[in-house]
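S.K.: This structure is in structure tokens; I'll ask about it shortly.
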Amino acid sequence: MASATFSVAKPAIKANGKGFSEFSGLRNSSRHLPFSRKSSDDFHSLVTFQTNAVGSSGGHKKSLVVEAKQLKVAINGFGRIGRNFLRCWHGRKDSPLDVIAINDTGGVKQASHLLKYDSTLGIFDADVKPVGTDGISVDGKVIKVVSDRNPANLPWKELGIDLVIEGTGVFVDREGAGRHITAGAKKVLITAPGKGDIPTYVVGVNADAYTHADDIISNASCTTNCLAPFVKVLDQKFGIIKGTMTTTHSYTGDQRLLDASHRDLRRARAAALNIVPTSTGAAKAVALVLPTLKGKLNGIALRVPTPNVSVVDLVVQVSKKTFAEEVNEAFRESAAKELTGILSVCDEPLVSVDFRCTDVSSTVDSSLTMVMGDDLVKVIAWYDNEWGYSQRVVDLADIVANNWK
């Protein structure tokens with residue numbers, strides 16, 4: 001019986017002489033890896049540098065248009081994504097967005113404190129302070145803070161809100177998100193998978209199809225944003241027949257710190273003590289942005305005791321015979337062209353903490369790419385499920401502004 005062939009990518013392969021992916025705002029050379037420093041102070045300095053630099057080099061370049069309408073933006077839900085979004089937006093130069101309001105039930109003191117001090121991101125390099133009982137100041141810009149759990153009651157009409165960043169994870173269907181429209185907002189961008197007929201867009205994959213006619217849209221999930229760009233490359237270059245994926249995902253606020261009641265019996269268990277298998281719709285959701293892959297992908301999630309950064313493990317059968325180096329070169333080519341700022345390729349033997357605050361949606365770990373036989377492909381891709389995702393939310397909001405009529 002003939003033995004199966006097996007190929008593993010060689011880590012020595014370089015792209016354009018670079019041994020590491022281009023993280024926006026960071027150095028390109030592998031001799032100066034920005035994450036090689038070990039102290040937390042150095043990491044927090046790095047975050048500060050990235051946040052300041054992302055305006056000039058971060059984000060999806062295709063979405064930047066000089067003369068876009070500046071939209072009045074409100075953030076509904078000032079949790080992990082809400083605060084990451086504000087930091088990402090604050091770092092952009094010449095943004096077509098103007099954040100003027102936040103709906104948060106915790107009050108201005110808590111909102112300003114948690115924005116300034118973050119256990120994952122470090123201290124925000126901005127002057128942040130409460131303004132009275134209904135506002136926070138960020139580098140002198142006052143943002144109004146309101147508090148109401150029902151979006152229909154929010155003062156969006158009074159404030160002239162054009163776009164709401166829906167970050168609660170609660171109002172994800174047309175009825176719920178539509179309450180913002182009822183309150184006077186013109187459009188809603190959901191920072192989670194949408195339900196029902198809400199259009200889903202992933203920057204770098206199908207966001208070019210957005211039109212001004214869409215009043216409520218979804219930015220999909222962080223995992224779909226990681227998965228879809230490199231799946232698109234695989235399908236275009238090699239033809240995906242079928243596949244499965246596992247995301248090893250940092251724990252989130254939906255889990256329990258200690259064993260406690262939860263509708264998901266596994267998520268009811270202590271997040272910091274367990275590997276928690278659970279469901280994810282990320283693989284199936286790829287079909288929402290790449291319709292040709294409907295019914296071809298499925299997957300699960302393993303929630304692990306880390307606070308941030310996750311990694312996708314995708315295994316697919318392809319129709320075109322290939323080998324590991326060819327797969328990686330396809331990723332490099334796309335990362336240098338149509339997926340610049342969205343996809344990157346890393347040749348260094350790194351671990352999850354090294355990918356904190358990376359601006360791209362997914363970073364393929366080239367040394368872990370494998371091909372069994374000549375048609376079974378395994379790809380590993382890292383993603384910052386908070387920061388990287390929030391950069392895409394800003395990008396998609398920019399696209400909304402650039403298509404405003």
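Heads up, the Cβ atoms here are built off N, Cα and C, so glycines get one too.
Not measured: the values here are computed from a predicted model.
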S.K.: Among Thr244, Thr252, Thr322, which residue shares the D-glyceraldehyde 3-phosphate site with Ser221, Cys222, Thr223, Arg267, Thr280, Gly281, Arg303 according to Swiss-Prot?
M.R.: Thr252
S.K.: Of these binding-site residues, Ser221, Thr252, Thr280, Asn385, which scores lowest on Cβ atoms within 10 Å?
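M.R.: Comparing Cβ neighbour counts within 10 Å for the binding-site residues Ser221, Thr252, Thr280, Asn385 gives Thr252.
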S.K.: In sequence order, what residues of the same chain, 6+ apart, have a Cβ less than 8 Å from the Cβ of Gly281 (D-glyceraldehyde 3-phosphate binding site)?
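M.R.: Within the chain, Gly281 (D-glyceraldehyde 3-phosphate binding site) has Cβ neighbours under 8 Å at Pro193, Ser221.
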S.K.: Here's one to test understanding: among the binding-site residues Arg80, Ile81, Asp104, Arg149, Asn385, whose C-alpha is closest in space to the C-alpha of Thr223 (D-glyceraldehyde 3-phosphate binding site)?
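M.R.: Considering only the listed binding-site residues, the nearest one is Asn385.
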S.K.: Once the chains shown are all counted, how many other Cβ atoms turn up within 10 Å of the Cβ of Arg267 (D-glyceraldehyde 3-phosphate binding site)?
M.R.: 20
S.K.: Determine, to the nearest whole angstrom, how far the Cα atom of Thr252 (D-glyceraldehyde 3-phosphate binding site) is from the Cα atom of Arg80 (NADP(+) binding site).
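M.R.: It is 9 Å, counting Cα to Cα.
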S.K.: Please state whether DSSP places His249 (site 'Activates thiol group during catalysis') in a helix, a strand or coil.
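M.R.: DSSP assigns His249 (site 'Activates thiol group during catalysis') to strand.
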